[in-house]
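Reviewing the structure listed below.
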């Protein structure tokens, strides 16, 4: 038998039903044997070492005084381990920034008073100063860096056996434990954990172009290594916690048309441009009985490329009814726009996810906020409802 043909067939088999079991077993082994590597090699953190608290307080700023009509809940569900009743939870998602984040954006986010904020990256071309601004945002948050945040470091045109990672390393150091790429953020008072997928993802199935970058930064050799790390981090989180997956790009499996949540729209041919390792990790975690109510990502912009015409807008939400996972692409780009009729005023986009006290997704909305110059508050000037549990 031709050994090359045998290896090829073996690889094809390993990528089918056996992949999930192999990833689970490998992740369980690594979770019990792997320690964090040196500063030179950023091994993913295993064991949920990052326990998040709101800055200046040990409890989440639940919805007391929340300035968002309709988001406060009246549920009778009890907080895990206490006799407190929980209102609905608000998660504010910030799509690909691409340089559009300023003081007014921070004020708008603060005005929303979310329980948790999720940033999907692409702040700029390794824009360290902008990342530092985001790091100073006082709201509790989880961040994952995107492909633009490693624009120079991950360039496949770089030659040599090593990659200059100064810009990437500086951003990671600034964000600290708030960067959850190949890590996890434990939120005990919310009863959930944010599991970070592979950061700096460009999407698609070509690992070779960026193999040097991922090997040097994280010691990853392929997509299976990445999926194994993600699953290991998931298993290390408290068993009773719901898991929210956060990626820069979304997973494969959400459709192959140009307007699907991760559909290829910038080439004449259409296809699924999601991350295989994210899909494999979510599937493996679900197979072990963990609850995953939500996966948030960006990268694939809402406005489609001209190759997708006559379609102009992407489908930004997908609910997998069999597993209950709600997939939210929050890449509304650009996320800041001029107000109609008032070029001095700007409007800021956020994708809001409302979850019930039972940590199930109840509503997903894309909203535009504009500041009232009189009192400094914000008003919702446009809302697009992507999902409402009551209406299906």
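Here the Cβ of each residue, glycine as well, is placed from N, Cα and C on the backbone.
Remember, it's a predicted structure, so these values are computed and weren't measured experimentally.
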Pick from 17-46, 47-76: which range has region 'Disordered' per TrEMBL?
47-76
Can you check how the pLDDT averages out over the domain 'Calcineurin-like phosphoesterase' (89-302)?
94
